[in-house]
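Below you'll find the structure, written out as structure tokens, and then a few comments.
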Amino acid sequence: MTKYKVGMVSLGCDKNRVDSEIILGKMSNEYEITNNAKEADVIIVNTCGFIESAKQESIDTILEMAEYKNNYKCKLLIATGCLIQRYGDELKNLIPEIDIMLGVNDYNKIDKVIKEFIEGNKEASKLLNYSDENINEGNRILTTQKESAYIRIAEGCNNFCTYCIIPKIRGKFRSRRMENIISEATDLASQGVKELILIAQDTTQYGSDIYGKKNLHVLLKELSKIEGIKWIRVLYCYPEAIYDELIEEIAVNEKVVKYLDIPIQHISDHVLKLMGRKTSKKDITDKIEKLRKSIPNIIIRTTFIVGFPQETQEDFEEILEFLQEYKLDKVGVFKYSREEDTPASKMDGQIDEAIKKEREEKLMLSQEKISNDINKLKVNKKYDILIEEYDGEFYKGRNFEMAPDIDGNVFFESPKNLEIGEFVKVKIIKNMDYDLIGVVEDESCK
């Protein structure tokens, strides 16, 4: 019997990407995986439901894939992910073309449900699980470049920021067992992965629930023992949860890149309190100063939300002043999105969209100049570059200061053919606002 072909459309964040890879891994034994949705008998849309624009993209994608049932080979349309977890009861009536719905903790059942559906059990067609006890784990089919892989170390969140719906969708914070993470990382290394990117809603809380204390520093130490792994990168570190042993491990561990993604979200105490953040401006600046003192070459990335309810012009300008003083290396800016069922959505003082957009643009322009000034200092320096692409003329890669997709890239030429997924020494000869231009200094990294 010919195997059904399965296609996946994965939307949203890198945590969603890991879910998609686990789903594909689970499907690969019984089904053929295809990257061409037009060839797929089964199409899975893994949705995002975090902010309004993501919800709309998810709905548009589901409707687009529903057309494939009429125009191409698709016989079965499955919708999964955060949008389904959040609005599944409504969507099963609004979009009847969806044959199967799965909540964010149901992925371990997907092969069984598909088999039952194909065999005629339509009772399995609308399955939602609102339990927050499960953690999706299993063999993955990577959808990233072969040299880098995200590895989720925990699921859920206990922070309950007033603007965020994630705890209601993903449930309470739950760490994975360390031995399971090590096993997965070892398997990824055997596939040629050189860079592990640790993710969770709050990576700094890793271990606090199952080991009785924060254990991210221990996990980093154990991961660094895996042969073949050269870089270990940590994203989503809440500033108030960064602790001394973690700082020390990052400082001394050669495989842990000196880079931290720390979602500050705001710097005004007034807005931080409204956001339900468990920190203050002084705590944040003290933590940045401590990190820079302990790890002199550390790269700090952060994100800000502008246009939060009751954010004054003075609150906004406080972010600008903070960035001018502390000159963070990487900054992302988001306009506040009013999400139903969150405390912030019910607050007085909602900000006009035009003001949000103006503040977003002003903040990004300010950071653009800061980034350019920082990048100027990199000219004539040499870096180990992880090669990711070649377009026939230029190679593209990243140094340790750059996370995939969210930061810049290094572009360079080489007189010799280089292997994608390998490291090469590159001298920077020119900077741009976010990217760097270089030349190969030595075809082997020392």
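For all residues, glycine too, the Cβ spot is worked out from N, Cα and C.
Secondary structure at Cys13 ([4Fe-4S] cluster 1 binding site), taken from DSSP and collapsed to helix, strand or coil, is coil. Per Swiss-Prot, [4Fe-4S] cluster 1 binding site is recorded for Cys13, Cys48, Cys82, and the stated evidence type is sequence analysis.
Summarising the annotation, Swiss-Prot assigns [4Fe-4S] cluster 2 binding site to Cys157, Cys161, Cys164 and lists sequence analysis as the type of evidence. Every protein chain shown contributes to the tally, and the Cβ of Cys164 ([4Fe-4S] cluster 2 binding site) ends up with 22 other Cβ atoms within 10 Å.
Per Swiss-Prot, the feature domain 'MTTase N-terminal' maps to 4-119; the stated evidence is sequence analysis.
Marked as domain 'Radical SAM core' by Swiss-Prot on the basis of sequence analysis: 143-373.
Look at Swiss-Prot and you will find 376-442 tagged as domain 'TRAM'.
Across the structure, Cys164 ([4Fe-4S] cluster 2 binding site) and Cys82 ([4Fe-4S] cluster 1 binding site) are spaced 13 Å apart at their Cα atoms. A gap of 16 Å separates the Cα atoms of Cys48 ([4Fe-4S] cluster 1 binding site) and Cys157 ([4Fe-4S] cluster 2 binding site).
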